[in-house]
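Heads up, the thing below is written out as structure tokens.
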């Protein structure tokens, strides 16, 4: 693939206005960032989902700022053309607005991210506004918000009732007014996502939100079949790399035990 120019916020906005779909995938280290960018992704999300698919936690809640910065730095070292968005982890922005601005700044200054993402609706509007006023682009996240999944009754679809749907739509409008450049809609009915997308001036990025969002995001390990602890309904698995990886490792194990590796081709004279 030819070298691309860096993706910018105005370009993403123009894509929405032209009806061009935006592509986004998570990455958590140098190799995944390199491959995602080589595939031509518009955005890379260094998600706190790394807690589950990389660090082995049962949820995103234990992920720390230092862990997010560590992984964001690795992603940025690949020098991707894609816009890099990093998650603000649990308790990095809920404690106070100054804490939120400081931690968002760390992801930009220390991690090298282009933008940050946080979860929540009208309750986080003052936080979003303060971070944006500090010169840091913010992506919102509504619907199923994993950091508060217990409060929401677990990992389930949000916005099915009329009242829930109206609240999500109102939250979306409030976040846009506060200055978000884009909005993730996770696990909401497709019709609700379509209506919100049509009403908002900024791009929506869906994950389990149907086909009518302005873009889509999936977890790297999910779409490549690298994480098999569970697979949400909305995940389409484009490869089964876990199976291929185990097969390769088994072949290596067998060749070592049988004395077939290393052979002359892989040895020095």
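Any Cβ shown, glycine's included, is placed from N, Cα and C.
When Cβ atoms from all protein chains are considered, those within 10 Å of residue 186 (active site, proton acceptor) total 23, not counting its own. Summarising the annotation, Swiss-Prot assigns active site, proton acceptor to 186 and lists sequence analysis as the type of evidence.
What Swiss-Prot records for 48, 87, 119 is Mg(2+) binding site, and it gives sequence analysis as the kind of evidence. Taking a C-beta cut-off of under 8 angstroms and a sequence separation of 6 or more, residue 119 (Mg(2+) binding site) has the following same-chain neighbours: 141, 142, 145, 146, 147, 148.
Among the features that Swiss-Prot reports, 3-methyl-2-oxobutanoate binding site is placed at 48, 49, 87, 117, with the record citing sequence analysis. Within the same chain, residues at least 6 positions away in sequence whose Cβ sits under 8 Å from that of residue 87 (Mg(2+) binding site) are 45, 46, 47, 48, 49, 63, 68, 116, 117, 118. When secondary structure is read from DSSP and collapsed to three states, residue 87 (Mg(2+) binding site) falls in the strand class.
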Next item on the list: For the recorded Mg(2+) site, enumerate neighbouring residues of the same chain (Cβ within 8 Å of the Cβ centroid of 48, 87, 119, site residues themselves excluded), in sequence order.
Entry: 47, 49, 60, 63, 88, 89, 90, 117, 118, 141, 146, 147
Note to self: Using CB atoms and a 10 A radius, I'd like the single residue among the binding-site residues 48, 117 with the highest neighbour count.
What the structure shows: 48
Check: Other than its own, how many Cβ atoms are within 10 Å of the Cβ belonging to residue 49 (3-methyl-2-oxobutanoate binding site)?
Finding: 23
